[in-house]
Amino acid sequence: MDDLKSIIGKVATGASLSRDEAASAFDAMMSGEATPSQMGGLLMALRVRGETVDEITGAVAAMRSKMLTVTAPPDAVDIVGTGGDGSGSVNVSTCASFIVSGAGVPVAKHGNRALSSRSGAADVLASLGVRIDLRPEQVGRCVRECGIGFMFAPAHHPAMKNVGPTRVELATRTIFNLLGPLSNPAGVKRQMVGVFSRQWVQPLAQVLKNLGSESAWVVHGSDGLDEITLTGPTFVSSLHNGEIRNFEVTPEEAGLPRCEPGALKGGDADANAIALQSVLNGKPSAYRDVALMNAAAALVVAGRAKDLKEGVALGAKSLDSGAANARLKHLIAVSNG
């Protein structure tokens, strides 16, 4: 506790924490050793000053050390967003996950219920009939047998219950909004992470590099989406072979048409589930296109596609052959088995 007091005192001066100091502070918070006042003070001091790459790296390391892990193949990927983009869009990363799985790449999907939108990954999967409250070994079985499994964040990060009330009372974004997507319980080394603000694109790629990721894209749409968008360019920071590159991608690069922002608007969980099922059934739409765009990027990250155009072709084959839909049906069966 004295360590935590000195760390809070350091942050109060505007100084940055080392990776180890951040890990120690967040370990104390998630272990229930910190008081609500200490947690609130530290979180807001970091937020106002702006969290550094080392602070986020240490915080993620602490969160990962406390999570309930899942065994997944070494080539598994995750497609995940921070949420909090305020767009109320359809569930892009969830749909893209089935497309990627149908293309032969195992997916260990990490997600939660809606935080700021009307429908998060967990909400839409539950509406589709997938059982989401599985034990880690059951999720591992889904990934092995179905090529896709869903890890419901609260079930795998029980230590988060110690910071939950403080986060609710603060009612504003904190570093915790960034930690979840970087703390995949299956320990995947290949990720596509969407973020709610352009300012976090490159820093989070650096955090993933620090924590041993092999291949990753961190993305933010120019329209504010925490996905690759089709309304205009998307800002990307990619990690490959230990190098980070920053660039933009456009729908045209992938051979896809642009769409109006309203075309990606979603509804509640049931409405979004119906829309997702229609994509998996092969129906053309802007939703299909944006899901293909994001799946294509994940296939590039996974090393299955050399570029977005090839990724879109592989994704379209996954949809049109029925493979992606078969993955959903299999996941519903195994998760409820």
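These residue numbers are counts, starting from 1, taken along the chain as shown.
Cβ from N, Cα, C; glycine included.
Annotated features, as they stand in Swiss-Prot:
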BINDING   G81, 84-85, S89, 91-94, 109-117, A121  5-phospho-alpha-D-ribose 1-diphosphate binding site
BINDING   G81, N112  anthranilate 1 binding site
BINDING   S93, E227  Mg(2+) 1 binding site
BINDING   R167  anthranilate 2 binding site
BINDING   D226, E227  Mg(2+) 2 binding site
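Positions of the features from Swiss-Prot, shown on the structure.
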residue	record	contacts (Cβ under 8 Å, 6+ apart)
G81	5-phospho-alpha-D-ribose 1-diphosphate binding site	V92, S93, P181, V193, G194, V195, F196, D226, E227
H110	5-phospho-alpha-D-ribose 1-diphosphate binding site	D78, V80, F150, M151, A153, H156, G180, P181, S183, N184, P185, A186
N112	anthranilate 1 binding site	G83, G120, A121, A122, F152, A153, P154, G180
R113	5-phospho-alpha-D-ribose 1-diphosphate binding site	G120, A122, D123
R167	anthranilate 2 binding site	L43, T174, F176
Practice task
Note down the number of other Cβ atoms within 10 Å of the Cβ of S89 (5-phospho-alpha-D-ribose 1-diphosphate binding site), including every protein chain shown.
Solution key: 25
Completion exercise
Among the binding-site residues D226, E227, the one whose Cβ has the most other Cβ atoms within 10 Å is E227
Exercise for the section: Determine the Cβ neighbour count for S93 (5-phospho-alpha-D-ribose 1-diphosphate binding site): the number of other Cβ atoms within 10 Å of its Cβ. Expected result: 25
